[in-house]
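Participant: Take a look at this one; I'll ask things after.
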Amino acid sequence: MNGHFNGHANGNGTLHQLPDDMFHVIRSTGTAARLGRLALPGRRILDTPHYLANTSRGVVPHITQDTFVRDTNINGLYIALEDFIERAPKDVPPLYRFQPPGGESPLRKFIAAPDDALLVLGARRTTPVPAPEATSNTNKTVSICTAVGFRALKSDEYAEKAESLQADILVGLGDIPYERALGNKRIEKATDRNIAWLEEHVFLRRSEEKAVRAHLFASLLPVSCAKQQYYIEELTGQFADHISGLAIYDLDSLEDLPAELGHLPRLSFAAPKTPRDILYQIQRGLDVMVVPFVGAATDAGIALDFTFGSSSDTTTNGNGTVVNGHVSSESLPLGIDMWSEDHAVNLSPLAKGCHCYACTTHHRAYLQHLLSAKEMLGWVLLQIHNHHIMDLFFASIRQSLANGTFEADITRFEQKYESLLPAKTGQGPRIRGYQFKSQGPGEGKKNPKTHTPFKMLNDGKEKLAEAALPDPNANADDLQAQGFAEKES
């Protein structure tokens, strides 16, 4: 059973339990880690730390919306505007033209998201394809990667259009130089841009009288607060009443975060690559995060298999080895490579004790067959399972924080599991253009050929025509030497 109930209930609480504030900290630990609750009217309550499911064009990859409601317990989605505006401004994107009746959210109805799911909208994907130097950000634009290449998104266009889509949380535009270090002069320029863009966005919100509007999260530069001091002063000054949270792109921003901003929820776009990275980010005080490696593991054919805290006393390492209440002599893998032929006749679930749809309805042998046959259902089942594992992982983290055993549980987790996810061994779904950056001329194709050219259909006839007919007087040894037949012993 999942937690989607037509917007009237949720997996973490009920709507009549909503607190007055959108976010409040329930408990702080000795470190920066904290328990909190993010609650918006009509949406599922998000107990933090928690995660947002990453999307492509508004949907979780491999998961249709009926499957999302029926077989998952995902509370919130992160959606990137660059997924929808490849032809803008020359052609008005369908998302901008769509106007549902009754003043409902165009974004929610366009992607057919459940009414109770939390929607967070930002400009760029997580993780985004970095823009080339020639098309980098300017004082008025940010570079985005669409389905037809890079283009410039104007800051005023983003503010206006993003507001009109009526997401629950809107990530303010930031001058974030993905995969590039920021020098002192570049930091100064980025600080000025962030202030100007946020000021422009706030002015737009003031000039438009709307009963319902998205909660605005301010984007911090991926540097310490001391290096973006003027921007921080504006956030605690003139913008204090207009922002509802912070978007964090680097953990350095948390080192010296002022107390005046401590009450705000922190949404991480630092893109953890492993469960250990998630734990480290929570240690540093992050509340909600987007976790791209869940989808990457699914595409790689890996079934996640790890637990945290008291729930990790008994587990398997994918080969049937059981660990009960003590550290194994060998670190356990964080997932199971379902491409392996070892699973071809294995009728056990993907992870022992897992109660997700994939594990209660199917088994490893079936999933291994689906992947080998390149059947889409294989990745659907993996995606359901992997998100269920993440749900349990974050629930265990929250329980550990409540019990006061978080630091000790992290130590046990690090001793128990390998630091990295298993390596990819099979060919996943086709790689799309927005998933990688072209390296230049002569670059090989990312997707191998899945078929041979049609001209090969006549290849056998051509070879027969070219081959010399065997001599009718030849004996069996001669025919065998020519490859025409095999002589029986």
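All residue numbers here begin at 1 and follow the chain in the order shown.
Cβ coordinates are placed from backbone N, Cα and C, and glycine is handled just like the others.
Keep in mind the model is a prediction, meaning the values are calculated, not measured.
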Participant: Quick check on the annotation: TrEMBL has C354, C356, C359 binding Zn(2+), so which of H343, H385, H387 does it put in that site too?
Facilitator: H385
Participant: Does DSSP put C356 (Zn(2+) binding site) in a helix, in a strand, or in coil?
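Facilitator: C356 (Zn(2+) binding site) sits in coil per DSSP, no helix or strand.
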Participant: Fewest other C-beta atoms within 10 angstroms of its own C-beta: which of the binding-site residues C354, C356, C359 fits that?
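Facilitator: Comparing Cβ neighbours within 10 Å for the binding-site residues C354, C356, C359, C354 has the fewest.
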Participant: Cβ within 8 Å of the Zn(2+) site's Cβ centroid: which residues qualify beyond C354, C356, C359, H385?
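Facilitator: Other same-chain residues near the Zn(2+) site: A303, P349, L350, A351, H355, Y357, A358, T360, I384, H388, I389.
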